[in-house]
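K.L.:
After the structure tokens below, expect a handful of questions from me.
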Amino acid sequence: MVMEVTETERWCVVTGGRGFAARHLVEMLVRYQMFHVRIADLAPAIVLNPHEETGILGEAIRSGRVQYVSADLRNKTQVVKGFQGAEVVFHMAAPDSSINNHQLQYSVNVQGTTNVIDACIEVGVKRLIYTSSPSVVFDGVHGTLNADESLPYPPKHNDSYSATKAEGEALILKANGRSGLLTCCIRPSSIFGPGDKLMVPSLVTAARAGKSKFIIGDGSNFYDFTYVENVVHAHVCAERALASGGEVCAKAAGQAYFITNMEPIKFWEFMSQLLEGLGYERPSIKIPASLMMPIAYLVELAYKLLGPYGMKVPVLTPSRVRLLSCNRTFDSSKAKDRLGYSPVVPLQEGIKRTIDSFSHLKAQNQPKTEVTETIQWKKQTLIAIVILITLYHNFVATTGSSSVIITAVSKVLLVSSIFMFINGILPEKMKVFGSKKID
């Protein structure tokens, strides 16, 4: 099917257009009538939630100002078809960053991005804005304090997502100027806000299971969290700068930009504010990252073995432990100077809006059955911890070569107890209580 575009219409494409930040970008573009918008995503058809159906997006689809096209970025033919008639492409599609599957990440973030670039050139797209990530400069060991864009890619990245996003970003920057195509890359730091399907829901799930009491590391690490409306505003600023021509365009094109709220905050303070705003307790129990790392490796190994058989993507992974315990703040001066970017929503206002948008997840709305199961889960796990730690200390106190095997086993048991407490992995039924675990 050939996309029908009239000469007077200005079209843009948003890849991954049904993702968290992408939905907000689509709505902003429609609300301010900047472009007609074509949403490109994997699903065969767009399914609107009730809010979207009755809101500006639903109206725009019915009026023809927004189109939906099913496109897999790994299929160049589909990408070319989806980009026909477009003046601008916002390339926001990427797999979930928590999935440490190199083949998947590479196929989308590198091969898919190559197809996006080639399709842009083939159909005559003028401007390409790529949603990158600050993780492209993270090696998994060294934190970043007020880092700017002069920080190079590390020899080795924290995970497959970061490594392949860096490769994709490099391809976008290298493509600047090819056949008149102008490009730049946006690196938004730790996006949050209404519509988030990962951070807040995961936080609440952990809180309801009694697992949000833990601080990984010493709790002093700073982060740059960025409200989603500021992220989409940065994308619009980038597009406008590339479209300006002259010196503004020359300075903006072919560059990468860190985007933040410009208000660094302690990571665990931010999480605590979200939890308290939703009626849950602040995390208070500190666990050294060095203790969590071997457990995280066990979790990741288990997922690699059991993932094909239905095991859910784990929350606790080695890359996640590193991210939770290090500093990650960035300097957005370059975006301010070259793109004209500055946050439009302050951090505390963003936190308030986020809490308000998740009112249905507040503690007082927790189902009674879920509360009961949580209490039972805590009892079961506490008993396991007490028994296993007692065994550990008894066996560790034993000296002599004859106790080496027992000591090793006891250490494994201790690690297992902590693993169960963090992840809620218990036998389906405990004989003492006879109740099912929480999924």
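Cβ coordinates come from backbone N, Cα and C, glycine included.
Annotations for this protein, taken from Swiss-Prot, read as follows:
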| type | residues | note |
| --- | --- | --- |
| BINDING | Gly16, Gly17, Arg18, Gly19, Phe20, Ala21, Tyr161, Lys165 | NAD(+) binding site |
| SITE | Asp41 | site 'Essential for the 3betaHSD/D activity' |
| SITE | Asp72 | site 'Essential for the 3betaHSD/D activity' |
| CARBOHYD | Asn75 | N-linked glycosylation site |
| SITE | Thr131 | site 'Essential for the 3betaHSD/D activity' |
| CARBOHYD | Asn158 | N-linked glycosylation site |
| SITE | Tyr161 | site 'Essential for the 3betaHSD/D activity' |
| SITE | Lys165 | site 'Essential for the 3betaHSD/D activity' |
| ACT_SITE | Lys165 | active site, proton donor |
| CARBOHYD | Asn327 | N-linked glycosylation site |
| SITE | Arg328 | site 'Essential for the 3betaHSD/D activity' |
| DOMAIN | 371-439 | domain 'Reticulon' |
| TRANSMEM | 381-401 | transmembrane segment |
| TRANSMEM | 405-425 | transmembrane segment |
K.L.:
What is the number of other Cβ atoms found within 10 Å of the Cβ of Gly17 (NAD(+) binding site)?
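P.N.:
Result for Gly17 (NAD(+) binding site): 23 other Cβ atoms within 10 Å.
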K.L.:
Just report the maximum Cα pair distance in Å for the recorded NAD(+) binders Gly16, Gly17, Arg18, Gly19, Phe20, Ala21, Tyr161, Lys165, no decimals.
P.N.:
19
K.L.:
Name the one residue among Asn75, Thr131, Arg328 whose Cα is closest in three-dimensional space to that of Phe20 (NAD(+) binding site); these are the recorded positions.
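P.N.:
Its closest listed neighbour, by Cα, is Thr131.
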K.L.:
Determine the minimum-neighbour residue: among Phe20, Tyr161, listed as binding-site residues, which Cβ has the fewest other Cβ atoms within 10 angstroms?
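P.N.:
Comparing Cβ neighbours within 10 Å for the binding-site residues Phe20, Tyr161, Phe20 has the fewest.
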K.L.:
About how far apart, in whole Å, are the alpha carbons (Cα) of Arg328 (site 'Essential for the 3betaHSD/D activity') and Gly16 (NAD(+) binding site)?
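P.N.:
Cα of Arg328 (site 'Essential for the 3betaHSD/D activity') to Cα of Gly16 (NAD(+) binding site) measures 26 Å after rounding.
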K.L.:
Using CB atoms and a 10 A radius, I'd like the single residue among the binding-site residues Gly16, Gly19 with the highest neighbour count.
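P.N.:
In terms of Cβ crowding, the pick is Gly16.
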K.L.:
In terms of Cα spacing, which of the recorded positions Asp41, Asn75, Asn158, Asn327 are within 10 angstroms of Gly16 (NAD(+) binding site)?
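P.N.:
Those close enough are Asp41.
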K.L.:
What Cα-Cα separation, expressed in whole Å, is found between Tyr161 (NAD(+) binding site) and Thr131 (site 'Essential for the 3betaHSD/D activity')?
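P.N.:
Cα-Cα, rounded: 13 Å.
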